[in-house]
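Novice: Have a look at this one.
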Amino acid sequence: ECKKLFGGCTTSSECCAHLGCKQKWPFYCAWDWSF
């Protein structure tokens, strides 16, 4: 199960499609600008 937008994460691979884990605090899945 992937992490949704604003879900806590440690790596981008945990996040759902089009989301990436933020590089700096706070660490959560944010939109990576892709469609």
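Each residue, glycine too, has its Cβ placed from N, Cα and C.
Pasting the relevant annotations from Swiss-Prot:
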DISULFID  CYS2-CYS16  disulfide bond
DISULFID  CYS9-CYS21  disulfide bond
DISULFID  CYS15-CYS29  disulfide bond
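Describe the structural surroundings of these features, if you would.
Specialist: Cβ-based neighbour count (10 Å, all protein chains) for CYS2 (disulfide bond) stands at 12. In three-state terms derived from DSSP, CYS2 (disulfide bond) belongs to neither a helical nor a strand segment and is classed as coil.
Taking Cβ-Cβ distances under 8 Å and a sequence gap of 6 or more within the same chain, the neighbours of CYS21 (disulfide bond) are CYS9, THR10, THR11, SER12, GLU14, CYS15, PHE27, TYR28, CYS29, ALA30.
If you draw a 10 Å sphere around the CB of CYS29 (disulfide bond), it holds 22 other CB atoms from the protein chains shown.
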Novice: Other than its own, how many Cβ atoms are within 10 Å of the Cβ belonging to CYS9 (disulfide bond)?
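Specialist: For CYS9 (disulfide bond), the count of other Cβ atoms within 10 Å is 19.
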Novice: Among the disulfide-bonded residues listed here, CYS15, CYS16, which has the most company in the form of other Cβ atoms within 10 Å of its Cβ?
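Specialist: Highest number of other Cβ atoms within 10 Å: CYS15.
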